[in-house]
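These notes are about the structure you will find just below.
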């Protein structure tokens, strides 16, 4: 009864929710969300710098997430590179002094907080010619005004960045009187025009006052209440924003520190000064505001303008636009002909008359244009998600629950969709699809908290994305890796002497020939793995360098290639042994039968379970990543072989598979590539935010659209592969020459583009 209900439940779900209806729903969601985000940008503004300076929230205890954009965590080398030959001035009270020290430590972590607390502090990094000064002016008064005025007049060099703010000292020495607040308004009104004048050539920030923790304030500071601080902040905001000359290019109000302090002030030792972690966050925000537009880090989308279109991108958009227009024209002509050829009714007999001419089947041209029509719309969505400033982006934040709860969900769904396999051979197609599916889903969860027709499907999407998203081929490292290994396998088997199954079955001598080829392959791999210089010289040659360089070198390609360098050899050796055992009828692959005899099966199954658990414990307890990466290529075969035997030795395990995982396995390539831009963001460094303010709902909606897009791209590439890669060798050769010409033109344009950038 339970089995019947289980089967009926699956049929009920599949009846009401098909892939076609899912894609229609995803398209509607994309259009609605794009319209909502466009309206929000239109009426609320799209200045991410403004959001960085004014709003955000904590992810966990210490990770600050600005509203709608990503904040880069600057290293001291990056900070020096950005602030080369720059002068930064902090002017204000003890809280500004704290911010000054946190900022200086981003440049030089060895700096100690020492010196006269109630005096000026000068800091200089001579290696990068960076000057960072703190000027002690605890009150907004004539003295502060005079110093600011000296920057606007005379020969004094203006700082490139000015960070100012003060109020608590005035509250303290005047015992929180209303007269002091009135005088503060007068003084800041007189200083505001000077700050605005400085802001014409420098970046000027006015830091609002952080709240205090009144319960632990000393008796001499009890008059500094949050009510008074709010009054001083309101005065500063109203005056700095009241001038008609004030605009985005003028004085910027640094109000985000107030939000940070509201969450962390209770950790303050004296109730007035913030804990170090909070000051570091404010300093990092200042660094992002100034440096993101200079260094343009991938994971720092705040304060970065939309990148301009390259020549290749413009040509790609023109191509897709022409394809869309061409398909619409062809579709209109087809429908018009269809209406003309529609059967008409004989009024006398009441029967339909057949048209004289029959409707022609869909032409190859129309199929081609239809594929590019859909692909063009999908690429537009890719561009809007990860290159335009339409949708929001956020930093990743790992928690155990965000990783393990989705894994439990997909395991439950995988078990729910368990079905019988069509065949019970070892590593049958359903089983390998299932394997690819659950591996890809785990990689995706990890990332958000990874024959000629085959080559076409592998590379088509990546090449299109390289063009549309302006990224190098090596950026999508998985596809170059699989492509190169595929070609190595093909070359190994194709070189003389070619060993086909008929020869091998007739004479065992050919088995030794194949083993010799495999040993030669292993020798070449070992040599390259231990000769980084030779490897880099080979792949640094043009045009290979264009395909395999990332950030100007091939180190990333070397690292990725080396990490799993023996896996192809292990796979080829396993296939050789499997075919040999199959020929000698050692394997029992019938339904429900163990793979070997009962005794051998039990022993191998026990050994496999022990090996699987041992490797898992070793991998999870690995402390040194570098050492583990060195061992991984040689020992990973143990885990893989153990899993294959556990999955295939028992006959009942070999006879069933999860159709849920297998469905995802059939689009695993598209899932892996598409995640870069329409599920994650900033080239996998962050998370795409379609629905702000609700992380769980955002993940559900973005994942649903992402899976639908990946499935549609899989269908498009399969359709195009049938046309681009024909079975006729002569036609295939001509088309390969055309493809080679296309890539030559692409490499030529890329070379021109690189020269224009430099």
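The backbone N, Cα and C atoms fix where each Cβ goes, glycine too.
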With TrEMBL as the source, which of 376-397, 508-529 is set down as transmembrane segment?
508-529
Range among 277-294, 349-366, 403-420 that TrEMBL annotates as transmembrane segment
403-420
Can you dig out which of the ranges 537-561, 687-711 TrEMBL describes as transmembrane segment?
687-711
Correct range for transmembrane segment (source TrEMBL, candidates 602-619, 620-637, 638-655):
602-619
Which listed span TrEMBL calls transmembrane segment, if the choices are 249-269, 732-752:
732-752
Is it true that the transmembrane segment (563-581) and the transmembrane segment (475-496) have 3 or more CB pairs under 8 Å, sequence gap of 6 or more?
yes
Before we move on, state whether the transmembrane segment (661-681) and the transmembrane segment (732-752) share at least 3 Cβ pairs under 8 Å, counting only pairs 6 or more apart in sequence.
no
Looking only at residues six or more beyond either end of the transmembrane segment (311-333), which have a C-beta under 8 A from one in the stretch?
365-366, 369-370, 372-373, 375-377, 379-380, 464, 467-468, 470, 746, 749-750, 752-753
Of the residues in the domain 'NXPE C-terminal' (64-134), how many are helix, strand and coil by DSSP?
21 helix, 19 strand, 31 coil
